[in-house]
Amino acid sequence: MRICLRTPYDPFVNSRYASTTRPQAKSKMQAQAKRRPPTPEPSDAEDQENIGPRIRKAMEPFPSYGGEMPPPEAESTWSDQELYNYFFSSGFIKPKKKASKPKPTPQQMEQYYRTLNLRPGAKAAAVKKAYRQLALRFHPDKNHDSTEAKLKFQEITE
């Protein structure tokens, strides 16, 4: 291999790798860039139109915020502190997803009251008292051999 002292050493010149020179690699990258259509980015005006009043208020302390906007559900489900933390951290701190249990339907509530032998709309103290009495009465430890008591206890503890 010959080394020319006038120019810096370049492994791609005058070697077995001569077919893969740098200008060819650049042209491939340029060709790929030309093939991709430009993706339109939403303007700031469009982002400002899509946000609600709570998010606007949470953004007031951060007038130069230029990060990603919170998702649409943030307006109704995030607390003020969670919105503040989101903007303070430039969008890195997002609240954890809250696991919510579905509320029982009126028919299910009526069934629960019937199981506890109460009238619909009974107070919480009455429900608690009736549950404890029935749970003690039908507990499997007190009724070893009774499958009927076991099933009743399972129905009560639903």
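The backbone N, Cα and C atoms fix where each Cβ goes, and this holds for glycine too.
Per TrEMBL, the features are as follows:
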type: REGION; residues: 1-76; note: region 'Disordered'
type: COMPBIAS; residues: 16-30; note: compositional bias 'Polar residues'
type: DOMAIN; residues: 111-158; note: domain 'J'
| said: Within the domain 'J' (111-158), what mean pLDDT does the predicted structure show? | reply: 90
| query | If you run through the domain 'J' (111-158) with DSSP, how many residues end up as helix, strand and coil? | reply | 30 helix, 0 strand, 18 coil
